[in-house]
Amino acid sequence: MAPRLQLEKAAWRWTETVPPEAVTQEHIEAAYRVGLEPCQRGTCRRNCRGNPNCLVGIGEHVWLGEIDENSFHNIDDPNCERRKKNAFVGLTNLGATCYVNTFLQMWFLNLELRQALYLCSSNEHAAGESIPKDKDYEPQTICEHLQYLFALLQNSKRRYIDPSGFVKALGLDTGQQQDAQEFSKLFMSLLEDTLSKQKNPDVRNIVQKQFCGEYAYVTVCNQCGRESKLVSKFYELELNIQGHKQLTDCITEFLKEEKLEGDNRYFCETCQSKQNATRKIRLLSLPCTLNLQLMRFVFDRQTGHKKKLNTYIGFSELLDMEPFMEQKNGVYVYELSAVLIHRGVSAYSGHYIAHVKDPQTGEWYKFNDEDIEKMEGKKLQLGIEEDLAEPSKSQTRKPKCGKGTHCSRNAYMLVYRLQTREKSLTVEVPAFLQELVERDNCKFEEWCNEMAEMRKQSVARGKIKHEEVKELYQRLPAEAGSPYDFISLEWLQKWLDESTPPKPIDNTACLCSHGKLHPDKICIMKRISEYVADFFYRRYGGGPRLNVKALCKDCVVERCRILRLKNQLNEDYKTVTNLLKITVKGSEGFWVGKASLRSWRQLALEQLNEQDEDAEHSNGKLNGNAPNKDEVNEEKREEEEELNFNEDIVCPHGDLCISENERRVVSKEAWKKLKQYFPKAPEFPSNKECCSQCKILEREGEENEALHKMMASEQKTSLQNLFHDKCRPCLGSWPQETDELYIVSQFFVEEWRKFVRRPTRCSPVSSLGNSALLCPHGGLMFTYASMTKEDSKLIALIWPSEWERIQKLFVVDHVIKITRTRAAGEPESALYSSEPQLCPECRGGLLCQQQRDLREYTQATIYIHKVVDNKKVMKDAAPELNVSSSEAEEEREENKPEGEQDPDFNQSNGGAKRQKLSHQSYISYQKQGIRRSTRHRKVRGEKALLVSANQTLKELKIQIMHAFSVAPFDQNLLIDGKILSDDTATLGSLGIIPESVILLKADEPIADYAAMDDVMQVCMPEEGFKGTGLLGH
C-alpha cells in the first residue's frame, strides 16, 4: 500500500477539477477512501493507517492458527507447588528469616531431637490424643509450634510450608536480619527451659544429651603449683578464625594456654597473694552433636561496627577430637553433618543457606528457603556457593582441598555428629499430628483442584473466543456494494487483545462539528461489514454508529473549497512575485510592509487553515464537546497578538509609520491580488504622508538623547574619580587632608554609573536616596567598625569636594556625614562621630535578625570540599576556598550587553527609573549586597548540597555519602578548623550557615565496598533480639 501522505493526496485529487457546488456521493466516498483495495495478509509489514479497508496487523495474528492452551490463562500449574517423591519440604522466607529456616531444617534432620519433640505433651492435648475436627489447631507453645512444623516437613504434600506461626510466636521481626549465631544460642536455651517441665526424661534431657558438653577452666599457680578448676557446660564451641587456615588450628588456639602476668595476675588462695599463673581450657566431655561456631562476624574497633571475616577455613568430613580431650580412652571421632553458609560480604546483609546430610541415606542437600537441591552422589559440594559470594578480585584464592576435606570463606557454623555404627532412627509422626497434617494436605488438594478447574474454565472460554474471533475476522472486511460501518481502530485492537476486556464502543472522538464522521479521522478508523458491526454493538454496546449516512458532505464541500483556494494561492503567488519585479513610477502604487511581503503567502495559508478550523467549530462543538470559554478567549488574545498583513507599517497612532526601511511600494495590480486575500488590510497609497505625531516624537526623542548624553558627560566630568572608582577615601586609613567624609548608598553609585555608561539606554538618576541606610527613627544603622568591614559593600565614601557637586547635580533626601575629632596634644588619637548618630536599638535588632537568618534557613546551599592526602589541611583553609574577585566580576557584568547579565550581580530595575529604598526593603537590599560580595566560586573536588538548619549532622553525612561514596563512619568534617563530631547536633547549632565550605577528609576505604549498602542499617542502634520471645518477653 502507498504511504499515508500519498493516500491523503489521492483521496482529494478530484478537488482540482470539481468545484464545491458539484460534489457528489462518489466524491464523498473518495474523500473517505471507501473504494481503496483491502490489503492481503503477508503484503503489509504493519497496518496501513491511511487505508480504512486494511485489516492486517491489528492483532489478528494471535488468533489465526493453533494457539497454546496456556495462553488462555495466567494461572501456574498447581502441581508445581506439589512435593516431589522422596524430596524434602522447603520453608518460606518471610522477608529476612532465611537464618531461621536454616536452623529449622538442620534441627529437623536431627532425628533424636525430632523424636523427643513428637513425644512432648502439652497442657491441652496429651500425646496420642486427636484434635476436634470442628476446631482449628493453633499451637500455643514453642514446642507445639516445632511439633507441627516438623510434622509438616515430614509428611506434607506441599513443596514448601509457611513458618509464620513459629516466627510470630517468637516475636521476630520478619523484615530485619539478625545474628544467626545469637539466634541459635538463645533458641537452644529457650527450648531447654521449655522442655525441662516435661515428665518424660527422654524429652526433658534431649537438649543436654544432644548438644551439651563440659569443659573446665584450669588455672595453675606458677609459685606453688596449685591447680584450680571451674567446670562449665557448653552447647557450642566459639572458635576464632582470624589468622588460621584449618579448623584444627582454631580448636588448638581455643585450648591454648594463657599466661596471667602483670596486672592480670591470679590471686592464689594457697599463697594468699597475686601470683603469675597459667590458664587453659580442658575438654572433659563432648555431646553427640558438636556445634562449632566459626566467629566470622567480629567487632571492628576502627569503625565501631561488626564486619565479616572472609577468611578461608579448611575442615574435614571426619574430625578426631581425641587429641584435644582430657581423657584419651573414649570414642571421639565425628562425622560432618551440616554446614551453615552466609552468602555476602557484609555482616549486616546477605543470605543464609544450609548444607545438611540426610542421616538415613547419607546424601547431602542444600536448603535454600523454598528451594531444596540434592547434591550429586553422596559428597558435599561447596564450590558453587563460594563463587557466588566472591566480593572482589583482590580476595585470596581458594586453597586446594584434598579428598574428604573442604574449605569455605562463608561457613559460619559446622555441625559434627558422633560416628556410630548403629542404624539411624525411624521417626513416626504421632497420630494427632498426622491428623493435622492430613487436614492441611486436604486443604492443599482442594486448592490444587480449584486452580485446575479455573485453568480448565479459562481454557474453555479461550477456545470459544478463539473460534469466535476466527469466524468474525473472516467476515470483518466490507465487500464492495455491501452495507458497512466505520469503527475505531483502537477499539478493534483492544477486542483482539485478550489481556484487556473490551469496553463499549465509543466513536465520539471521531465526530465532526456536524455530528458525523470527520474526514481527518479516517486514519484511526476501519471500515467493517455491517454483519460484524451488528454483532459488536449487540454484545458490547456503545455508539454512535457510523454507517454510510455518517459521511459528512458539509465537511467534504468545505475542504474542497479550501483546497481549491490553496491551489489558486500558488498561482497568485507566482503572479505577485513577477509583479514585484516591476518598478512603480509616480504615485500609482501602494505602501506594503517588507515583513508582510516576505510572509504573505504563509499568512494567507494560515488564514485558510483557520477557516477550516472555524468550520469544525461552527456549531459550537468539537468532537461532541463544547469548547471551554477560557480556551476561546485565549485563542482570541493570541490572534490579536499575531501579525496581520500590512500592520507592520502601522504606527501606534494607526497611521503610516515614518521608517521607510520597513516598507516598499508595489503596483496597483499586485496590491489588488493581495487585497483579495486580505480585504481588511490597512491601505496606504504611495503619496500618503507619514504620521505627524510620530515625527514630533522622533524629534523629541532625539533631543532627549542629546540631553541625556550631555548630562552624562557633565556628571562624569564633575565626578570623574567616583565614576572610575579611583582615589577613594577609606575609613580604615583615614585621609590626613580632611576631617569630614560623606556617605551615600552604594546602590545609588551603581545606578548612576550605569546611566553615565549608557545614557541612551538607561534612565537618568535625578535623586540620591540615603533613607535605606537609616532606621525609622532617622538614626544611622551602621557603626564605624562595621563600615570598615562587613558593611563596607553597602556604602560609598564621598570627599567633601565631591559632595558639593553631588548636591548641585542631584536631589538629596538625607545627609550622612562622618567627622574625625582629634584630641588636643595627641594628634595620633582621634574620635569619630556620625550625623545622624547611631541608633543602638535598631542596630541591635538588625544584628539579631542577621544572626537569626543565618541560623534559620531551609534549602540553602553549602559546599563540601574533599581533601586528598597530599594536601595539607590548614586551620584557615576553609575561608580561602571562598576567595573570589567580586569587583572584577562586577566589572565584567557591567560590560555585558543588557539581557546577558548575571541576575545575582545585576541590580538594575530593567532600565526603569531608580526607586528609593524604603526601610522595610533595607534587609533584603543588604542581603543582595552580601550575596554579591561573597559569591562562591566552586573549585575542583567540591560539590554543592542543599541543606536546612534543623537537620542533624548525621543526616548531612548521609547526603555526603551519596555525593562522594564515603561512608559516614569514614568521614572527618571540618569547618573553620573545627572538627564536626556530634551526629545528633543540628547544622544551625554547629554554626554551619548558607554558603559555608566544609572540608571532608575520608579515612582509608574498607576493602569491602559492598558494605556501603548497609550504612543505613549500621547507623541504627543494634538491639538484637530485644523484645522477642527468645528473651522471655
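A Cβ is built for glycine as well, from the same backbone N, Cα and C atoms used for every other residue.
Feature annotation from Swiss-Prot assigns domain 'USP' to 89-419.
According to Swiss-Prot, the active site, nucleophile annotation covers C98, on the basis of sequence analysis. In sequence order, Q177, H351, Y352, I353, D369 constitute the residues six or more apart from C98 (active site, nucleophile) in its chain with CB-CB distances below 8 Å. In the three-state DSSP reading, C98 (active site, nucleophile) counts as helix.
DSSP assigns H351 (active site, proton acceptor) to a strand. Annotation comment: Swiss-Prot describes H351 as active site, proton acceptor.
The domain 'DUSP 1' annotation in Swiss-Prot covers 457-552 and is backed by sequence analysis.
Taken from Swiss-Prot, the feature domain 'DUSP 2' covers 567-690. For the domain 'DUSP 2' (567-690), the mean pLDDT of the prediction comes to 76.
Residues or ranges marked as region 'Disordered' in Swiss-Prot: 610-639 (among others).
The feature domain 'DUSP 3' is assigned by Swiss-Prot to 710-823, with sequence analysis given as support.
The region 'Disordered' feature in Swiss-Prot is assigned to 878-920 (among others).
What Swiss-Prot lists as domain 'Ubiquitin-like' is 931-1007.
If you draw a 10 Å sphere around the CB of H351 (active site, proton acceptor), it holds 18 other CB atoms from the protein chains shown.
Residue counts of the domain 'Ubiquitin-like' (931-1007) by helix, strand and coil are 18 helix, 22 strand, 37 coil (DSSP-based).
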